[in-house]
Amino acid sequence: MSTQRVVLPDRRSVLLIGVLVVAAGLAAWWIVAAALSANRGFDITDEGYYLLSYRWWDSNPLALTGVQYLYGPLFEWFGYDIVKLRLFRLVTVVVVHLLFGYSFMRWLRGRRPGMPRSILFELAGTALILAAGGMCFAWLPLSPGYNDVILLGALTLVSCVLWMATAVDRDRQVPFWVPVVAGLVIGVMVLAKWTSVVVIGLIVVAAVVVLAARGWRSVARGILLALGGLAVTALVVQLFVVRLNVAIPGIVTVNKFIAGTSYTPTDLLQIYWSSGIKLLGQTLQAHGLLLLATALTTIARWRWLRIVAAVLAVGGLIVSVRHVLVDDGALGGSQHTAAYAQTLLAAVLVAVVAAAGALITHRVGVTECSRLSRENSRTWVILALLVLLPFAQAFGTNTPLYTIGFNAFAAWTAVMIAVLTGIWATPVAARATVGLALVGTLVATTFIAYTGLIDYPYRSVGRSQLTYAATLPALHGMYVSEPMEQNFTKLAGELRPYTEPGGRPMLAFDKMAGLVLILDGRPLGEAWIAPKERDRTAAGIEEACRQNPSPRPPVLILNRLISAEDIVALRFCGLIFDTEYVLLAPPPQTIGLQVWVPKAEHPAVPAG
């Protein structure tokens, strides 16, 4: 009787299966949470601003960026359904992270010949990177905005660079479609936010370095094809979305409005530097023991020193986990961005320290040559690009870079994977430390995403209070808090004689663009109105009344007293506030807001 030999998977394959299962579970956790949150809550400030600009994307060219020309047509196609637009954002986040993850692992396969030949290597790495994608939902509004376009566009561009690098490593010509896709994406990113030229420039430099390995003719070919893709984007926008001679002047006009009041590049760099140094100091203070242990485990040569290093690493991990738990380093929401930033920075610093240790110990003859020690210049350029990517894609924000930047934690996850798979010649304690830091941080990012979606949604109460079905058409299919539903329904009823038919011009002072959307109004000037940017608001009102005057005077809604600047701004439209407007009702009857309507439309109240 013949017997068949059973071939068991090797240890690395078993490890990859385990990693795949854990990472897929973490990814599924935040994906399901995001899907279930798509119909919960609504923010009338930033999210309302996004959606109001998308609602009137083709009739209001006054905008800070061109993102309304990307999401506006989609929003219209979805029937102005907020839930569908939120789900679309979720799909794009998942798809782009899968693309980036596979592109990275496909490239890394050629750099790690010792890894198992099965597809498990690519699948496990892609799942890890997808799990890191949950950071896109750490604190931002659920509806998509220009930050999403830049982040996802940057990851797509890096994916193109990785496909180029893979072709070069295999001594093949780069497929023509790769630079064409890069050009298409560049066009979309520039339209969405012009400051994206910073991250685009960084990625283009890396692409040139990669292509230069096949000669300058290859570089020229790539540039020409990318320019062709960029031209296609411009042509499609011009023919099917909006005329560029309408969109660009509108964006330029608004940027001129804020030129005198916005932060200068020097101011922004000062904010980035001071906040970055502060974050680094806090991270070293909280996780310094773990970083020291990582360095020691990498360089330890003698057995006794390796034991000491391993014990120190365990202690460092315990201390770091304690800091994460005590300091809310694994909670999402805008109030926790500074805390969880330490968690994420500590993780990538562990990988950087381990990589530096592996290179140094090999050079001085302490350990054998690792894969990292054999990397070519192209690989180091790509790894440096991934390290810098979170910061570069966030450039232009007037907040600390990590606030927006660490949403791109997938790039750092890729770096950690490259380091972990490239230091196999180092002691097992070093590899275990990096591996535990990687997996532990992804567990943390999943909690960050989950709590940011469920417990601390953007400028909203938690999910447990979002139980009332919205009855207003603009919020169809959504659940909000009881006070929000009651207040907005009451206000809409009071204003119905003045808002029908829809599209009534409205001014909502301050930061209440979402209220205009809910009332089926349209902005007069920019959709964004902020208390610190009165001159910008006034300039937008003047421009709108000069370029496209409306026969219906605007309804005014204020969460404060009307100011002299507001009254002067109305004069640009030929409106005299003191004689032409009347208070609709005392503020207690209009949910605490001052609502002013044109006196000519307000029924006279009988005397006595």
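The first residue you see is number 1, and the count goes up from there.
Yeah, the Cβs are placed from backbone N, Cα and C, and that goes for glycine too.
TrEMBL labels come from automatic prediction, so no person has curated them.
Taken from TrEMBL, the feature transmembrane segment applies to 12-32 (among others).
Under the heading transmembrane segment, TrEMBL lists 87-108 (among others).
The transmembrane segment annotation in TrEMBL covers 120-140 (among others).
Long-range contacts of the transmembrane segment (146-167) within the same chain: residues 65, 67, 70, 89, 92-93, 96-97, 99-100, 103-104, 106-107, 110, 136, 140, 173-175, 178-179, 181-182, 185-186, 188-189, 192-193, 196, 199-200, 203, 206-207, 210-211, 222, 378-379, 382, 385-386, 389, 392-393, 404, 407-408, 410-411, each at least 6 residues beyond the stretch ends and with a Cβ under 8 Å from a Cβ of the stretch. Annotated transmembrane segment per TrEMBL: 146-167 (among others), in sequence order.
If you look up TrEMBL, you'll see 174-192 (among others) marked as transmembrane segment.
Annotation comment: TrEMBL describes 198-216 (among others) as transmembrane segment. Using a Cβ-Cβ cut-off under 8 Å and counting only residues 6 or more beyond its ends in the same chain, the transmembrane segment (198-216) has close neighbours at 150, 154, 157-158, 160-161, 164-165, 168, 173-174, 179, 182, 186, 189-190, 222, 377-378, 381-382, 385, 388-389, 392-393, 395-396.
As annotated by TrEMBL, transmembrane segment applies to 223-251 (among others). Cβ atoms under 8 Å from those of the transmembrane segment (223-251) belong to residues 57-58, 61-66, 69, 73, 176, 179-188, 191, 194 of the same chain, restricted to positions at least 6 beyond its ends.
The transmembrane segment annotation in TrEMBL covers 271-292 (among others).
Residues annotated as transmembrane segment in TrEMBL: 304-325 (among others). With a cut-off of 8 Å between Cβ atoms, the residues of this chain six or more beyond the transmembrane segment (304-325) that come close are 286-287, 289-294, 296-297, 342-343, 346, 427, 429, 432-433, 436-437, 440, 444.
Note on the transmembrane segment (337-360): residues 135, 138-139, 279-280, 282-283, 286-287, 290-291, 294-295, 298-299, 320, 323-324, 327-331, 367, 370, 372-373, 387, 400, 402-403, 406, 409, 412, 415-416, 419-420, 422-423, 425-426, 430, 433-434, 437-438, 440-441, 444-445, 448 of its chain, located 6 or more positions outside it, place their CB under 8 angstroms from a CB of the stretch. Residues or ranges marked as transmembrane segment by TrEMBL: 337-360 (among others).
For 402-425 (among others), the entry in TrEMBL reads transmembrane segment.
Per TrEMBL, transmembrane segment is recorded for 432-453 (among others).
Segment contact is absent for the transmembrane segment (402-425) and the transmembrane segment (174-192), given fewer than three CB pairs below 8 angstroms at sequence separation of 6 or more. Within the same chain, residues 19, 22-23, 26-27, 29-30, 33-34, 37, 128, 131-132, 134-139, 142, 290, 293-294, 297, 313, 316-317, 321, 324, 329-333, 336, 340, 343-344, 346-347, 350-351, 354, 409, 413, 416-417, 419-420, 423, 463 sit at least 6 positions outside the transmembrane segment (432-453) and bring their C-beta atoms closer than 8 Å to a C-beta of that stretch. If you look at the transmembrane segment (120-140), the same-chain residues 6 or more away from its ends with a CB under 8 A from one of its CBs are 13, 16-17, 19-20, 23-24, 26-27, 29-31, 33-34, 93-94, 96-98, 100-102, 104-106, 108-109, 112, 147-148, 151, 332-334, 336-337, 340, 344, 406-410, 412-414, 417, 438, 442, 445-446, 448-450, 452-453, 456, 458.
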